[in-house]
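A.B. asks: First the structure, which I've put down as structure tokens, then a few questions once you've had a look.
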Amino acid sequence: MDDDDAKLKAEIEAELDKLSISSLEKEDIESDAKSETQSDDSDTDSVELPESVLHCINIIKNRSKAVEELILQDLEDTDILSCSYGAVSNNHMHLRTGLSTEYEESSEQLIKILSEIEKEEFMRSKTDCATPDFVPEPSPHDLPMDEHVLPDDADINFGYCEVEEKCRQSFEAWQEKQKELEDKEKQTLKAQRDREEKQFQEEEEKRHCWMKQFKVEKKKLENIQKQEQDKMNDELYKEEKIWKEKFKQHEEYIRNLHLQMEEERTRFKDQQEKEKNSLLKQQNNAAVKIQAKYKAFVAYQKYGPIIKEQIESKKRKAQEWKEKEAKIRQKEEENRKRLEEEQRIKEERKKQKEEERKRREKEYEEKKNIVKQEREQLISKEKIILREDASQQLIISSALKKSGYNNKHLSLEDISNDKGDIAKNLVDENSKKQEDVLLWLVEESNMKENVDRQTILKESIQVKLKESISSQTILADFKMEEKNENLAKKRCSEELVKQERKYENTDNKTELGNSDLKGNLKEQFPLQELKSDAQKEEKIMKHVINENTGQKTQIILGHNQEISEVKTNEEQKIIKDNQQKKIQKVEKEEIQEQNGLLYKDKDTLVISVKQRSLSLTSENSKDVRENVILQEKEIYSKSKEIEENPKDNAWNSGIVIFNTTDTMINIEGKRNDQDYVLGRHAPCEGLSNYNAESSMVSKEVNSLKSEIRNISEKCHENAPEPDSMTCCVSESTLLYSIEERRLAWIKSFKPWLEIFKQNQQKKIVRRKRPVKCPANMTPALDKLEILRCGPWDTLQQVTTVTFQDLPGCVLSTLAECTNLQFLSLRRCGLTSLHSLSNCKKLKYIDAQENHIEAIECENLENLCVVLLNKNQLTSLHGLDGCTNIQCLELSYNKITRIGYSFFLEEKLVDNAGFCHHLGTSTSYLSLAQVWIPTGLCWSWIPITSLTKNSDCNFLISHLYWNCGLESLKNLQQLILDHNQLINTKGLCDTPTIVYLDCSHNHLTDVEGVENCGLLQILKLQGNYLSELPSLENLVLLRELHLDDNSISTVEAFSSYWLPLLQNITISQNSLTKIVPLFHFVSLEKLDVSHNCLSDLKSAIKWFDACYSLHELSLTGNPLLQETNWRDSLLKVLPALRILNGNILNSNSESRTEEHNQLGSAGFLALCQSQIREFNLLIENYITGKGDVFTLDTAENLCHYFKKLMILSTEYRHAHERGDVTITKKDESEAQKNHLAPTNSDSTLQNGVFYSCAREGEPDSPDIPEKWMDSVSSHSPLSKSATCENMEGRHQEILVCQKREDSKASSIPTIRIPFKEVVMTNSLLRNHQNIEPSEKIMAAVVIQSYWRGYLMRRQTHFSTRLHTAATEGLPNSSIKNQTILKKGKRENIVNIRKQREKAAILIQAVWKGFILRKKLTTALEAIKNEESDEEYREIDLEDFIFDEAALEEEWLALDSTRFPSQTLLLSNQLHWPKIPGNLKWDDTSFNLPSNPAQAWLCNDKENLSSSEHTQFNSRSENKTSSWTPESKTSRKSLLKSEKEKKISEEWGFKDISTAQQMLKRAQKMKSKKLKKKIDSTVRLALFKNNENKVSLPKSPKMVQPRRDGYFEGIEEDPIHKDTTANEKLERNREYTYQWLHTQVGVHETTSSRNMKCNHFLPELDPDVLNGGRVQLVARLVSREDTDLDLFSMTNGSALSVNREKKNQAHRHSAGSSSKLWFPSKLI
């Protein structure tokens, strides 16, 4: 500041010195200064002048005053007035000299002023001299003034007036000039003042800026000082901490030393004791040996002769035994000879029987021919009679009316002729029908023979071991068979004779009518005769087949048949007798109907007959149910044969299956339930009308003969294609395998009731254990605090105790609370649970978040819920006698095992034979082998110190196993997560457990779960499991959690039957494949994320037929790199709604409903109802309040567990029995209302459709309202819409679906309408492996009869309705249905197309947005490329490449199996594929991405990636040209084996990439190694490499261009004529040039200025000089740019992908690279 002031002062003084101011100017300045001071007061107030300026101003003012005074003095001087003009000049000179002496400071200025005055005067004088005549007259103003001045002086000389006038004039002129000068000077002064003010302001501003900068710097310095101070403080604090830690460590070290000293002392003492004991043992052993030897010597002397006698007796016995064996062998040989003779006799008898059978067949054929001849004769007689009648009519009409009635006669002749033609046509049709019926009968007989053969084969296998049948019984049986055959023949002949007589009588009766009636009867009667003849032949065929079944089976069976004839013949006789009786009844009924129903329609007659036959078969269901399994297997095998040979066997198999209606009646339930091949599909494409008519087979029955005729004619016309069979057969085989699994499980399961009874009957041995007593320092619970919690006066009245956050307490005061029911002590510092033995009514204990180490809660029988989470427990002991515990939570403890712990109750037996009780012990020294009754095995049991240290013999009398859970007989929920479990063997003592959580432990295997038959939820995530737990007996399992384990295979799933399993999570494991999951019929959620699943084709097989799967997670698996993985999975899984966390908009509800109806729908309904009941139970009882528990909630929880136990046991028994029926209140009411429930969904839909058809009728008692409510509750629609929806579904499934599926089927079949009989047989089939009681069997049979009666009544009613409805418009409803269906299909297709278009547009917009976003981020990153991030330099020695080692150890893989089908190891991660190499569809909006590379890339080579060219901006300046000729030459470079291997291994399309890899690997060797190699060796390697790349020369084609470093070889035209030496020299030059031009810019270093069109991409010289190599794309990561790897349907895809990078996977393989990347890139 002082320097600035001094500078200002100096400048002001310099400016003031330059100024020259006169006295007048000073006056003006003063006047102006006054005015300016008044106007500039505001300025002066704001800006104060410095002192120096003020001082100068004052000096100027003083000088101006002095000048004025001097001037006035001169004017007043008298001498001057009297003197002349010259005197004045003298005075002036004098004044000048005077002033100069007085005022030396401003003398120069005064001299200047005076000189100017003189000049003016001189000029005036000149003017006066020039005009001497002119005398200025005094003005009138002057004269009076002069007069006035000098009035009295008359003598005064007035010469001064002139002078005065002149002076005045000169003064005025001077004044004017001075004014002008003053104005100019003022202007200059003003401008100068303005400039100075501006400079002053600028300097002030600079000063203020300097001040601000000073303050800022001051603050910075202060902040730096503070930071340094903070750092110093932190360092001091850290040093203090370090010193404290070191001090603590030192203290701990000292403690450890003390402990080690103590341990060494104890060890020394123990060693001394052991030495003493060893000495004692040696002495004892020596004594024992001596005693043993002495005792052995005494015993040998005493018992030697006895032993010798025993040895001799043994030898004698052995010899006797040998003699007996020889006798036995002789007897066996005799028996063998006798059996051979018997077999020879039997063979002779068989031959005789064969001859008899052939003879009978001949007789049968002869009889058949006779019957045909008789029938032909009857037909010929009828024709003759018809012709005679017609001729008689003509004769009579011509005789009576010859003339007048000619026209009428002609008309009658035409009518008669027409009748004759109609009769002929009917006869021809009947003959055709008869032939068809014969074919049908033959096939049916063959089918029955096969069935009988299989039944006899089965029975013969069972009776093979019975060899005690005598020959007499066999002969008697043969005689009885012959008699039965003869009787059957006689009966057949008699029946034929009777029927012929009846037909003759009917003919005679019909001839008595009118002529018109006779014609009608003769037209209709042959039809009836043909029907009756066909039925007769059918009966005859049945008789003959039944007679010959035994003979045919004897040919097949051979020797075993004779052994088993007794049993088989008895059963066959019973079956034959029953069949004959029933056939006779049917024949009688048919004859009566033929006599009484001649004028009825032919369809109704066959319907009645068929209904009666089916009713008879339903009554005979008990006799035939044993053959059901064989029939099922036979049909299944036939379906397979048809699948293999569809063209050859289509017609034959169709007839066989069609004609086995009688044998298939017992299996129809299963076929209808599973939508099996039989009865599900139509025969061929052209049977649309027939399919429509037979679509409602369950309510309609058509004529048998018409159906056979239609099938036979139309199937010959339209033969189906063989490839169309695969779909239906695959579905059928799938459903058959599911049912097979269910039946196999029913055979092999462990009955849960037996396990439960064994557990209940197991004796619990209680022993006293040492219990840790609480410390005396902790206080007991205060009685007053307990009583304040409720309205209680004494502790005996207390029922609930709740405390939280107590410092520490003991529960001794609770011993007086005898009525305590609810105890909650959270965070109360408890160390043990004790003193509760008197609280017998205690139900609920909540002691979470304490420090409990021991439990003492024995004999609390009412205890239900125990919550001990977050404590310090190490075992499960202390709950003995608490038999009613239902929920036990022990998470976050230190429990190590649920396994068995043993304790021995030992007794010693001394030498005298006395027994001494030693007590129990758990410490052991050695082992002894003991039989364990619980495990049914021998095991090594420890011997304790009590027995080991004794000198006597020992005896383990009782061995007790204890696991801590054996007394918990009703435990249902056990939670043991976050413990230290290594063993779970004790779970076998808890068969009632329903919920088990053992997650986050150290388990390698889960044992004891086999007995937990009611287990529904199993959580095992976070363990070390390598295999699946054994789940064979867990049929009720609903959730299985196996996340974060080491499971590598799930093949055990294929052997498990888990029909209720809904949720499976196996994420974060090492799975490379899964088994097919179709048999998990209720599976809804599957999580297999973060595994090693890579094969999409096998994944499609795994998920095939999982129709209930709604949610699937596959994130983190390599198969997501496939292009079409999403579409292929959605095709296989129609019901999928959530895929990898994204909600799908699927239009597959109709498909899922159809698939839900597939299979054993009754069983599916059972599973769904059970799951629904479990969920409803949870909703009703679990309030969802979280951790808030009260006494009411505890009681509610106990009720929930009781209900859960009842439901679980009931459903378990249902699965074990194989019962498929759903028992509900609504269904019981439905049974009362005469509508019994069936097994399948189709019957329910039939009922709903039937009810909807009868909506208009007011009285419909067959369908109750509650049943309709139950049906509508299962569907998401309202009750009013159920009828329409179910009707549409029913029509689509039963009417239209058959037409569509007829293309995929070549087996013409017909369904049997009686489905309730089927249900009874399916129930019997499910019970085949269980032996039910007599009451259950009786109930089942009664129900079957009752339901059969109901269904027969309903079918009669439905047939009436159907006939009434189909007479008028037979095909109108069917056409309407087909039209409606086509319209629906078109609408669905249009809607799907619109939705697909909309989805494509949305995806395109979304992907464009994401791409733009990524490009902006990439461009920003390019701008900020030069960041402060430091990369570690790469050691290029890591890239050393050994070609020989690569050739030796290279794995030659099949290119077809790479990369999707080759399975990696479990510890390897799958690298993401480059989408540019994959085949992607035009429909997929995917952008290919290229990986970041260390070398510079070529722009034209990577045209497919526009982003890559932007990312690598450096490559634009240094890339080489790429010509199409080089592309064609690259395609022919496949000769090198190494390049082929690399291209096959890595999947490269272009061989150039493999060459680049090899050359780059060779070039990236370190310089040190290159220096070590000799130049000749390097030259040889170079030649070898050149020879590998060289191409064969073709004479016709131009030599292809080589893009390498040695292009000059091809360009040189003299290359062909050069010798070998010149070639070597040239190669050396090129190698020298290559070695020297590898590093650096080629344009500058190349000697020949060659073209740098290099074969490989160039390495950056900066990289070779030690610069940084960017091996990872730092702009956008590859996972983000690869749009194929994640779905764009959700906006959170990018965030999810970024979260994946930070997600830690426990089993993921770490990277082996040495590079370090900054945090921004990761």
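Any Cβ shown, glycine's included, is placed from N, Cα and C.
The annotation region 'Disordered' is assigned in Swiss-Prot to 23-47, 182-202, 265-285, 319-367, 1506-1534. According to Swiss-Prot, the domain 'IQ 1' annotation covers 283-312. The feature repeat 'LRR 1' is assigned by Swiss-Prot to 819-840. What Swiss-Prot lists as repeat 'LRR 2' is 841-861. The repeat 'LRR 3' annotation in Swiss-Prot covers 862-883. What Swiss-Prot records for 884-905 is repeat 'LRR 4'. For 970-991, the entry in Swiss-Prot reads repeat 'LRR 5'. Annotated repeat 'LRR 6' per Swiss-Prot: 992-1013, in sequence order. Swiss-Prot lists 1014-1035 with the feature repeat 'LRR 7'. Residues annotated as repeat 'LRR 8' in Swiss-Prot: 1036-1057. Taken from Swiss-Prot, the feature repeat 'LRR 9' covers 1060-1081. Sequence annotations record features per position, and here Swiss-Prot assigns repeat 'LRR 10' to 1082-1103. Among the features that Swiss-Prot reports, domain 'IQ 2' is placed at 1335-1364, with the record citing sequence analysis.
I'm curious about the neighbourhood of these features; can you describe it?
C.D. replies: Nonlocal intrachain contacts for the repeat 'LRR 1' (819-840), taken as residues 6+ away from its ends with a CB within less than 8 angstroms of a stretch CB, comprise 771-775, 778, 796-813, 846-862, 868, 878, 1189-1191, 1194.
The list of residues near the repeat 'LRR 2' (841-861) in space but at least 6 beyond its ends in sequence, with Cβ under 8 angstroms from a Cβ of it, reads 766, 771-772, 818-835, 867-874, 877-884, 1189, 1191, 1194-1195, 1198.
The helix, strand and coil residue counts that DSSP assigns across the repeat 'LRR 3' (862-883) are 0 helix, 3 strand, 19 coil.
The average pLDDT for the repeat 'LRR 5' (970-991) in the predicted structure is 91.
Within the same chain, residues 745, 748-750, 752, 972, 977, 991-1006, 1041-1050, 1052-1053, 1055-1060, 1065, 1174, 1205, 1208-1209, 1212, 1215 sit at least 6 positions outside the repeat 'LRR 7' (1014-1035) and bring their C-beta atoms closer than 8 Å to a C-beta of that stretch.
Under DSSP, the residues of the repeat 'LRR 8' (1036-1057) split into helix, strand and coil as follows: 5 helix, 3 strand, 14 coil.
Taken through DSSP, the repeat 'LRR 9' (1060-1081) splits into 0 helix, 3 strand, 19 coil.
If one looks beyond the repeat 'LRR 10' (1082-1103) by at least 6 residues along the same chain, the residues whose Cβ comes under 8 Å of a Cβ in the stretch are 1043, 1059-1076, 1109-1119, 1122, 1124-1125, 1128-1129, 1132-1133, 1140, 1164, 1167-1168, 1171, 1459-1464, 1466, 1468, 1470, 1705.
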A.B. asks: Counting Cβ pairs under 8 Å to the repeat 'LRR 3' (862-883), which of 970-991, 992-1013, 1036-1057, 1060-1081 comes out on top?
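C.D. replies: Top-ranked stretch among 970-991, 992-1013, 1036-1057, 1060-1081: 970-991.
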A.B. asks: Within the repeat 'LRR 6' (992-1013), how many residues are helix, strand or coil going by DSSP?
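C.D. replies: Computed counts for the repeat 'LRR 6' (992-1013) are 3 helix, 3 strand, 16 coil.
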A.B. asks: Near the repeat 'LRR 6' (992-1013), which residues from the same chain, at least 6 beyond its ends, have a CB less than 8 A from one of its CBs?
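C.D. replies: Sequence-distant neighbours of the repeat 'LRR 6' (992-1013): 750, 752, 755-756, 759, 891, 898, 969-986, 1019-1027, 1029-1036, 1041, 1204-1205, 1208, 1212.
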A.B. asks: List, by number or range, the same-chain residues at least 6 past the repeat 'LRR 8' (1036-1057) whose CB is under 8 A from its CB atoms?
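C.D. replies: Sequence-remote neighbours of the repeat 'LRR 8' (1036-1057) are 741-742, 744-745, 999, 1013-1028, 1030, 1063-1077, 1079-1080, 1087, 1170-1171, 1174, 1208, 1211-1212, 1215, 1466, 1706-1707.
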A.B. asks: Could you put numbers on the helix, strand and coil content of the region 'Disordered' (182-202), residue by residue per DSSP?
C.D. replies: 21 helix, 0 strand, 0 coil
A.B. asks: Using DSSP, tally how many residues of the repeat 'LRR 1' (819-840) sit in helix, strand and coil.
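C.D. replies: Within the repeat 'LRR 1' (819-840) the tally stands at 0 helix, 7 strand, 15 coil.
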A.B. asks: Can you break down the repeat 'LRR 2' (841-861) into helix, strand and coil residue counts using DSSP?
C.D. replies: 0 helix, 5 strand, 16 coil
